Amino acid sequence: MIQVLLVTICLAVFPYQGSSIILGSGNVNDYEVVYPRKVTALPKGAAQPKYEDTMQYEFKVNGEPVVLHLEKNKGLFSEDYSETHYSPDGREITTYPPVEDHCYYHGRIQNDADSTASISACNGLKGHFKLQGEMYLIEPLELSDSEAHAVFKYENVEKEDEAPKMCGVTQNWESYEPIKKASQLNLTPEQQRYLNTKKYIELVIVADNVMVKKYTSNSTAIRTRIYACVNTLNLIYRAFNIHIALVGIEIWSNKDLINVISASNVTLDLFGNWRRRVLLRRKRHDNAQLLTAIDLDGPTIGLARVGSMCDPKCSTGIVQDHSKLDVMVAVTMAHELAHNLGINHDGNQCNCGGNPCIMSATLNFEPAYRFSDCSRDEHWRYLIDNRPPCILNKPLITDIVSPPVCGNYFVEVGEECDCGLPAHCQNPCCNAATCKLRPGTQCEDGECCEQCQFTSAGTECRAAKSECDIAESCTGQSADCPTDNFQRNGRPCLNNNGYCYNGKCPTLDHQCISFFGSSATVAPDVCFNLNLKGEGNFYCRRENTRIFPCAPQDKKCGRLFCVLGPTGNTISCQATSSQSNVDIGMVDLGTKCGDGRVCNSNRQCVDVNTAY
């Protein structure tokens, strides 16, 4: 039998009311000094880790005792988490720091069912918690007594800037058809299973060089800022059954790798190009957010492409580091990430139960922690219509050496499910007290799990997206849909106008339409002769600054040329290029370049039977 030893640290609690103080969070007009009392339950003789899996702190707020329960956010980092920075001479330096014993926690206030908390315990307690419907912040005081903390309401923090702050996404609500509520959607069983399946977003955050200067080249401060934001991001997205794992951060310590300017739409486009061309080749991830300290144009503090999750270029966002408060920047990042997940701004008809809404176009002065009914319905509709594939891939989870914690919403070693604490669990398949499946059940989540049982073999769980894709069906032996496969590369498609390549049917005409609109078509051969010169933007291959002209047989694998509508007696060769991304405007790999021939990775037009 395990004996439990209660260890109490810092027994005294001396509340003190202050009128005004300058803290890391800003100027605070009214605050309370508290000395949190930490109570830890440890097995007798057990070695105490640096940061325990669960902790409790007792202190007083407004003279009333509260108990803050904390549980380590074990899924904060992926197993292959990495950090990249650059030496003064521009060399890329990537490290894989140990992150198992980190100090970031989620939590709740005892006897307050609606409470939440996002706390860093790295050097004292720093973060925020919700108590009786109000947002409080806590942070250590820099006093000789290191246990002293300030607790204060968010409303008592002096606003840094009274000017309105807004998201850069623009839309005209009146132009949209009314959104069907989730209850009105006529879902098939397969669609309902997909919605119920837990989703995962593998996130990379890039800090630009202005961030480096703002934090005086203190990479620890930048990392701490990012970790705190993602910890809060995770808490917010529980509402959508989405787990966010930080797989990497990149700090542009030497110089910006793109031209970061105040025009947010331009910067976002450049960042997306860089992500597709550079970052994705180096680091597997689903979404990347650029955290910048530049002052974006006008009231804009963030921008993202709506409905772009998993897209190589557009699954990105830009977030301005606009506040001293971690929570305000985290809420902005949650807002932009929601755009990637197909969610637009809330209209007047949207409801958050009397609380500020995350998807308000204008930033609320009080941190918004809730998605509206409109946001939920739009997100569900986006998932059903688009099925972004990357968010079903479970990230590699850091191998935790400490025991699993039942009730932290994260399935760890030895657990079969984890639906939170018994008071919050709404999963009929899972025993919240043991984190084991209930007797007679086979599963609790997955595209091939229905009413706690494996779906029958042969039931379609992923429809084919095109004639080059393959529909997948449940095996009857697993809750997971089989790996997404597609037709063999080189199979004819679109009435022999193209050949399948990685599940798609790339053609020159379709690429012209994507660049120039529905009236665009591929240009005559005479335009492609420009690729034979190997000058300027017209070539087949590029190695650093050296360009190589196309051989005559390869000219339709270099720069793409299009025409817009009827040409008459004059041919106007249209092409596009980008200084920041040399691949923009080039013919896609796998595109048909002649009968029985396709463009390979060396931009050569080769026999389709030997290309793959």
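Keep in mind that glycine also has a Cβ here, set from the backbone N, Cα and C atoms.
As annotated by Swiss-Prot, active site applies to Glu336. Feature annotation from Swiss-Prot assigns Ca(2+) 1 binding site to Glu202, Asp286, Cys390, Asn393. Feature annotation from Swiss-Prot assigns Ca(2+) 2 binding site to Val405, Asn408, Phe410, Glu412, Glu415, Asp418. Swiss-Prot lists Cys310-Cys390, Cys350-Cys374, Cys352-Cys357, Cys406-Cys435, Cys417-Cys430, Cys429-Cys452, Cys443-Cys449, Cys461-Cys481, Cys512-Cys562, Cys540-Cys550, Cys557-Cys599, Cys593-Cys605 (among others) with the feature disulfide bond, giving similarity to another entry as the kind of evidence. Residues annotated as N-linked glycosylation site in Swiss-Prot, with sequence analysis given as evidence: Asn218. The annotation signal peptide is assigned in Swiss-Prot to 1-20.
Feature annotations (Swiss-Prot) mapped to structure.
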residue : record                : DSSP (3 states)
Glu202  : Ca(2+) 1 binding site : strand
Cys350  : disulfide bond        : coil
Cys374  : disulfide bond        : helix
Cys390  : Ca(2+) 1 binding site : helix
Cys435  : disulfide bond        : coil
Cys452  : disulfide bond        : coil
Cys481  : disulfide bond        : coil
Cys512  : disulfide bond        : helix
Cys540  : disulfide bond        : coil
Cys562  : disulfide bond        : strand
Cys430 (disulfide bond) - helix vs strand vs coil (DSSP): strand
Top Cα neighbour of Asn393 (Ca(2+) 1 binding site) in the set of recorded positions Asn218, Cys443, Cys562: Cys443
Fewest Cβ neighbours within 10 Å, where candidates are the disulfide-bonded residues Cys352, Cys481, Cys557: Cys352
Residue among the disulfide-bonded residues Cys430, Cys461 whose Cβ has the most other Cβ atoms within 10 Å: Cys430
Packing count at Cys562 (disulfide bond) (other Cβ atoms within 10 Å of its Cβ): 24
Count of other CB atoms lying within 10 Å of the CB belonging to Phe410 (Ca(2+) 2 binding site): 23
Rounded distance in angstrom between the Cα atoms of Cys562 (disulfide bond) and Cys593 (disulfide bond): 14
Neighbours of Cys449 (disulfide bond) among the recorded positions Glu336, Cys593, Cys599 (Cα to Cα, within 10 Å): none
Largest tally of Cβ atoms lying within 10 Å of a Cβ, found at which of the disulfide-bonded residues Cys357, Cys429, Cys452, Cys599, Cys605: Cys599
Integer Å distance between the CA atoms belonging to Cys406 (disulfide bond) and the residue listed as 'N-linked glycosylation site': 36
Structural state of Cys605 (disulfide bond), classified by DSSP into three states: strand
Protein Cβ atoms within 10 Å of Cys540 (disulfide bond), excluding its own: 25
CB within-chain contacts under 8 A for Cys550 (disulfide bond), separation at least 6: Asn531, Leu532, Gly534, Tyr539, Cys540, Cys557, Gly558, Arg603
Cα-proximity to Cys605 (disulfide bond), 10 Å cut-off, over recorded positions Glu415, Cys452, Cys599: Cys599
